[in-house]
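Enquirer: Let me begin by handing over the structure; questions about it come next.
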Amino acid sequence: MSGLSNKRAAGDGGSGPPEKKMNREEKTTTTLIEPIRLGGISSTEEMDSKVLQFKNKKLAERLEQRQACEDELRERIEKLEKRQATDDATLLIVNRYWAQLDETVEALLQCYENQRELSSGTEVPGCQEGLTRDVIPRPDPGTSDLREPLPVQFRAPLSEPALAFVVALGASSCEEVELQLQGRMEFSKAAVSRVVEASDRLQRQVEELCQRVYSRGDSEAPGEVARVRTRELGRENRRLQDLATQLQEKHHRISLEYSELQDKVTSTETKVLEMETTVEDLQWDIEKLRKREQKLNKHLAEALEQLNSGYYVSGSSTGFQGGQITLSMQKFEMLNAELEENQELANSRMAELEKLQAELQGAVRTNERLKVALRSLPEEVVRETGEYRMLQAQFSLLYNESLQVKTQLDEARGLLLASKNSHLRHIEHMESDELGLQKKLRTEVIQLEDTLAQVRKEYEMLRIEFEQNLAANEQAGPINREMRHLISSLQNHNHQLKGDAQRYKRKLREVQAEIGKLRAQASGSSHCIPTLSHPDDPGLNALAPGKEDSGPGPGGTPDCKKEMALLAGATSATSSIKKEELVSSEDDAQALTPVTQGLPSRGREPEARPKRELREREGPSLGPPPAASTLSRADREKAKVEEAKRKESELLKGLRAELKKAQESQKEMKLLLDMYKSAPKEQRDKVQLMAAERKAKAEVDELRSRIRELEERDRRESKKIADEDALRRIRQAEEQIEHLQRKLGATKQEEEALLSEMDVTGQAFEDMQEQNGRLLQQLREKDDANFKLMSERIKANQIHKLLREEKDELGEQVLGLKSQVDAQLLTVQKLEEKERALQGSLGGVEKELTLRSQALELNKRKAVEAAQLAEDLKVQLEHVQTRLREIQPCLAESRAAREKESFNLKRAQEDISRLRRKLEKQRKVEVYADADEILQEEIKEYKARLTCPCCNTRKKDAVLTKCFHVFCFECVRGRYEARQRKCPKCNAAFGAHDFHRVYIS
């Protein structure tokens, strides 16, 4: 029954795995759609940590899935083990039935061979000729020829039911049977087919014999007695054949029932042996109780004897200070009554035990009878048993489950195909998305590479131009330095010229002072000479004293020329200074612009001063005509005073006119300066040079005209002067004029040298100016180019930064796409693994389905055989059930008797313990008369319990955690150190960590 229940449980649980697989497939479909959200990422480390967290999460999920799969596999293994156990049991049953079938078939074949041998000697020759084609030569049943199928030419034609049975046996070919059972299957099929053929052949032989007998009887017309005899013999033969088949069927059924009952008998024998052991244990306990009862009886007898003899027990020397204890008659009678009751109880218990033993022996005898009866069970009883019905129900359940498994397998195949197609579509979609993303990424990377190459080219061009500009600046640096040195040398030269001009001014002042002295001397000597000067000519009046001092008129022209040359040199120097300052202002970032603006006014001041000095010198040099020598000195002095006043007024007028001219020239210079500032550099230089040239030419022409006029006046005046004193002065003046002319020649040479040098320097300055202009233009162009390059470089840097940021963003996108691709690859791998697992499980399910289909067909055949056997076993089963019904009350009675016996035993033990306690109390009462003594005795007992049982001196303070027995710590430690590591009471082994102290308060 347990095997059947296990089978049913396995069958019920067999429908579980497909549902779990369905659930697992649903889980896989849900995990496919689950998105991967990493959140905001600021660095690669954070992304790596989040990816690791996601991987750990996925690994945990995979571990959970694996654990769930392992649990499912464990459950499946347990179910398969249970199923294997049930299959083994069924296989054992099938093997047993099959072996019995082979034995019966061999027995039948042996009987048939024996009958053939017996009938071969007694047959009629005519019958032998007729039977030669029907009888097949048969080997021994034990030989290996039985295991080979018979050839077709030796087989006789069979009847329709026999042929159908043989065909059914042949249909159960080796396709459903394993290779190791194939030989046995062939042997069984051959043997059964031969048995069927033999039975059919015998039947046909009998029918042929009957027909021959009838035909011969009709033809030969024998006696009626022979016919009746043959008919009776045929009927008897048929009856005997039917009886033989029935007996064989009964023998087969009985053998099967015998094997089953033999198994049950073995189990009951084991149970009986167990019960016998329990009975022996109970008998041993009863003997123990008897011995204890005898001891108690002895003690009671001694107590009675002491009581009857009037013996008094005095206190012992153990420290109890009690008086004598005497037992009253009432207590003694009570004890006697209790003793008698206990004896009666023991006797009754003994009788009960004997009765139980007798019942046990009767149960054993009935069990043996039942064993014998179980060997012949009717078939109806077997059919009505619960096991047979359970087998039928289980067969129907298995058949229905096989149909359900087929439908579930078809559904699983459909789901697998659908999931496979959806998986393939999903993979194609993912591959197309991946290809599109890769194409986009490639195009973006190519664009970025192109832009990066362009930026690199522009950067290289800018770098080359920057290096060229640096080289050009390095080349222009020494030229600029040379120009600065030249400008500084020209400035130094201008300073030297200014110093010379100051020196000449100082000399001019000295000369004017000498002229003043000469005028004073001349005024003293020529006060009588009448003035013949023209009032309208201020220049002659101004030059008259000079003539008196310096002699003839032409003597004053070299000094004037020298001064004019000095003035021209000063003006050219100022113009060159202006040009140099303009160039230096352009080179030095307009650092000297105030100097260039202030120089024209400084240049005009020295121009105005020499003019005033010349006029001052010319004024006194214009003295009276030579005809004035005849005048008296008083008249001269008067005329001189008047003339001085007139000269002063004329000088004031001249100074005012010069002031006006200077103001006009100042205005012109201001206009020129404004024009110079507004005009470009080259035009300013040209205008300045042309203005200086015109001014110098005008001054030179003016000075030449003045010199001519002075020479003419000197000639006219030289004719008039006749004084010796005048002659002497004239000589001195001529000498001075010669000296001045020599100086003027020297100064002219110097002026020519300076003019040539100025021309050379002007030419060089113009060349340098042009070169500076070109260099400045180149510098401007280079500055513009540098500015352009710098702006382009800034733009390129910005573009480079933007491209780098875009590259970083694209790199992050690429990393994200790579992570997505990796995740998708992981999901694809997981799906492939799941697909492989599903394919493997599908293959396993298909194999299991094939096995189940084979098992189903086997079960069908077994069911057919079982149906055939069930009819045979029904009668035996009914018989066995009746016997079992008879045995069950006996078993119930025996069980009740055993329970009663155990109950009585327990009750006896309780009574004995109760009596023992009473006896101990009575003993204490007898020994100790006082209650204090009883308490002291109990205290002593408790103290004895608290003392160590090993040494009996120290108290218990250590416990063994293995068995929880208590001893003193010194004894336990001593035993541990002496390697006696076992408990003194129960011999349980203990270690170093298996004992510790206990503190009993």
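Residue 1 is the first one shown; counting continues down the chain.
Glycine residues also receive a Cβ, built from the backbone N, Cα and C atoms like all the rest.
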Enquirer: Considering the residues Lys20, Lys611, which is the one that Swiss-Prot annotates as N6-acetyllysine?
Expert: Lys20
Enquirer: Just to confirm what the record says: which one of Lys331, Lys420, Lys517 has N6-acetyllysine annotated in Swiss-Prot?
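Expert: Out of Lys331, Lys420, Lys517, Swiss-Prot attaches the N6-acetyllysine annotation to Lys517.
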Enquirer: Tell me which residue from Ser43, Ser317, Ser585 Swiss-Prot records as phosphoserine.
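Expert: Per Swiss-Prot, phosphoserine applies to Ser585.
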Enquirer: Swiss-Prot annotation phosphoserine: which of Ser215, Ser575, Ser584 has it?
Expert: Ser584
Enquirer: Looking only at the coiled coil (189-377), report the model's average pLDDT.
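Expert: A mean pLDDT of 73 is what the model gives the coiled coil (189-377).
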Enquirer: Do any residues, 6 or more residues outside the zinc finger (948-987), come within under 8 Å Cβ-to-Cβ of it, and if so which ones?
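Expert: Contacts with the zinc finger (948-987): 994-1000.
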Enquirer: Provide the number of Cβ atoms within 10 Å of the Cβ of Ser42 (phosphoserine), excluding the reference atom itself.
Expert: 7
Enquirer: In the zinc finger (948-987), how many residues does DSSP call helix, how many strand, and how many coil?
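Expert: Going by DSSP assignments, the zinc finger (948-987) contains 9 helix, 7 strand, 24 coil.
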Enquirer: What is the separation, in Å, between the Cα atoms of Lys517 (N6-acetyllysine) and Ser42 (phosphoserine)?
Expert: 103
Enquirer: Under 8 Å between C-beta atoms and at least six apart in sequence, can you list the same-chain neighbours of Lys355 (N6-acetyllysine), or say none if there are none?
Expert: Ala897
